[in-house]
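Quick notes on the structure that follows.
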Amino acid sequence: HTHTQSLLHQCMTALNFISVNARGLNIPHKRTTVLEFLRRENVDFAMIQESHLLRRDTGWLANKHYHPIASSSAATKSKGVMVLCKRKLKFDFIDSLADDAGRIAIAKICMDGKNIALISAYSPNTFDASFYELLIKTLLDLTGFYLVLGADFNAVWDSSMDRTGGSESRDQRLASEGLRRWASDTGMVDIWRMLNPSLKDFSFYSGRHKSFSRLDFIFASRDLFQNIQNTHYIPITWSDHKPIHCSVTIRPSLIKAPRWRFNSSLLRDEKFIDQFNCNFRGFLDFNVGSVSDPRILWEAVKGFIRSYTTLYASTRNKERKAKLQYATLDAALQHSFNDHTAVQKELVKKEINSLLRHRSEFLMHKTRQNYYFKSSKPSHLLAMKLRTDEHFADIFCIKDKDSTIQSNPKEVNASFASFYQEVHFQGM
């Protein structure tokens, strides 16, 4: 057991992320200060906002330790976002994406077999719904990626916990509502608040309003949350925003059970259609009216369809395999030739070719289906949204009886087991 744990530990990759609003990087010594800060903090990936660098100048923010892998610049020396990485990191770079306004930059990488998208975002100073709409569409296009997003949203998550001073303005309220709605629609988690549900800390001080606000965030997709070790804000002097830091452990991917999908090629099998219609009518005659809740009947119908089609396909495959005796007959024919075996071999050969043709037709059908689902069409955004909603079925963290936030899947399961055991024994 100890040896297994040791091997698992060796397979884990620890990564340090930082997100910071740099408030301009056109001055050389400021760039040197920022890069040295990243080295001292042992940062692996940095999401930078307000670089104020023009597109042609983004290469300035680099040295022997770090270099940019994604950036977006405005037409003037304002705004600007970047993603930097440590040069010695080993990963496969997939692609980089960016808007044309200096608001969103994305680096897509593959590390330890996991696809990760690193996003740096900078929201307008006043609430702009179109920014969140663009960010939602951008993230939904990243299906299949673990997401880590560092941003200055110019908005707080909760005005009572994340802001000091007087009452919030209408624009501030709209910005906070837009931020929460964006997180809800995309399934992203404010990891600092999730790990510190009752703590107050701030990333920005406004001398004009004499107020503190938590405007700077690192969000992560729910499926990555269980791998986040800690997160905190770091006081600095070279920007009026505090950087937010988090550590993530990339664990080996768990093997999930494959999702069952109806084999629609069976609909071209007349034998299957006839048998299914007959059996399905019998199923409905027996079960309709047996329960008052139609949802239960619907779940039973889905179970019947899956069970029957799986059984039919399995039986059909067994019948086909039983006919594939070509190799055996060929060997027998070589050992001792006779007319009967030769005839049998030719018959089996024709059967094999027929089966191969059916198999190729099925593969072509799957390919066309795949192109249909992945091609650009009006329903593409909805399809991606539905796939993203799968994350909401997972319970990614829970507060146990000691009021401790548990995000490790084993601890989450243990908390549920303990709760239901107590409920069970109390009811006895």
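Just so it is clear, glycine is given a Cβ too, placed from its N, Cα and C backbone atoms.
Just so you know, TrEMBL annotations are computer predictions that nobody has curated.
Within the same chain, residues at least six positions away from D152 (Mg(2+) binding site) with a Cβ under 8 Å of its Cβ are S19, N21, Q49, E50, A121, Y122, S123, L215, D216, F217, H241. According to TrEMBL, the feature Mg(2+) binding site maps to N21, E50, D152, N154, D240, H241.
Marked as active site by TrEMBL: Y122. Other Cβ atoms within 10 Å of the Cβ of Y122 (active site) number 27 in total over all chains.
If you look up TrEMBL, you'll see D152 marked as active site, proton donor/acceptor.
Cβ neighbours within 10 Å of N154 (Mg(2+) binding site), excluding its own Cβ and spanning all shown chains: 23. Look at TrEMBL and you will find N154 tagged as site 'Transition state stabilizer'.
Positions annotated as site 'Important for catalytic activity' by TrEMBL: D216. Using a 10 Å Cβ-Cβ cutoff, D216 (site 'Important for catalytic activity') registers 24 neighbours.
There are 21 other Cβ atoms within 10 Å of the Cβ belonging to H241 (Mg(2+) binding site). The feature active site, proton acceptor is assigned by TrEMBL to H241.
A strand conformation is recorded for H241 (Mg(2+) binding site) in the three-state DSSP classification. The site 'Interaction with DNA substrate' feature in TrEMBL is assigned to H241.
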Residues within 8 Å of the N21, E50, D152, N154, D240, H241 Cβ centre (excluding the Mg(2+) site residues themselves): V20, R23, Q49, Y122, S203, F204, L215, D216, S239
Binding-site residues (E50, D240), the one with most neighbouring Cβ atoms at 10 Å: E50
N21 (Mg(2+) binding site): tally of other CB atoms within 10 A of its CB: 25
For N154 (Mg(2+) binding site), the three-state class that DSSP assigns: coil
Local backbone state of N21 (Mg(2+) binding site), from DSSP in three classes: strand
